[in-house]
Amino acid sequence: MERTSNGGMLYHEVQEANLCAVHCVNTVLQGPFFSEFDLAAVAADLDEKERQVMLEGAAAADFFSEESHNVSLGGDFSIQVLQKALEVWDLQVIPLNCPDAEPAQIDPELENAFICHLHDHWFCIRKVSGEWYYFDSLLAAPQHLSKFYLSAFLDSLKGSGWSIFIVKGNFPQECPMSSSSDASNAFGQWLSPEDAERILKETSSTQSSSSSSAVNNRSSDNVDQQRPYQALSREEVRTFSEMEDDDLKAAIAASLLDASAAGANLGAVGITSQREETEKQK
């Protein structure tokens, strides 16, 4: 059984621009381990390797794309980037529908984390201190999932077209909250389960009594407290993904231009160093 981590506190990140992939990876790890620039370095390294493979396989040097296939200017990252980032922590990401995942299909409660994706939106479902939570950066706080509802929720997501991946391996048990001010981003917050439940109730009450945007109207005041907020509809995800941040796009573009294979490797070394420092503080 998973031991209590971070004193039973939950780490949650609220959506910033189109950085749901960053938020998803960090909530899987339960700590602010990655920034958008860390993932951009991973994406640049993958792009460079893909270009080399394409060039080596071509009869002539007539193929060379400067466009990234692993990160958009808006900050949306591919599943390959999430996989490589989590590999730094010796975690494996595999599709739920593959033969190796059959035990998880039968009893998902045996796993520790799932990553879900549809139309450029990412979120995770994570077991923390023996309890399951729905970590969606479009929500103000993580939503508790009963063990009974976990399987039904995953089936509902699959039926709605979401791609689901299992995250396997030895998850980091501690992320010192005292060092959060020095962390790689400022999107996250630590919440007790009680605070998370209170925030969601307050948010639901506010949303049900006022007119809001399509994203904010996802939840209503008649949602069962044992059931997570309904997953984003395709239209809502498309709407949200169009809310581009010009500063973020410029920063991502600059990062991609500057990130050579060597630069990307330096970024990976920095991430690995952060992991080693965290391991020392266990």
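Placed from the backbone N, Cα and C atoms, the Cβ positions cover glycine too.
Quick caveat, the model's predicted, so the values are computed rather than measured.
Summarising the annotation, TrEMBL assigns domain 'Josephin' to 7-182. Per TrEMBL, active site is recorded for CYS20, HIS121, ASP136. Taken from TrEMBL, the feature region 'Disordered' covers 200-240. The annotation compositional bias 'Low complexity' is assigned in TrEMBL to 204-222.
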Kindly state the mean pLDDT of the domain 'Josephin' (7-182) in the predicted structure.
86
Neighbour count (Cβ, 10 Å) for ASP136 (active site):
28
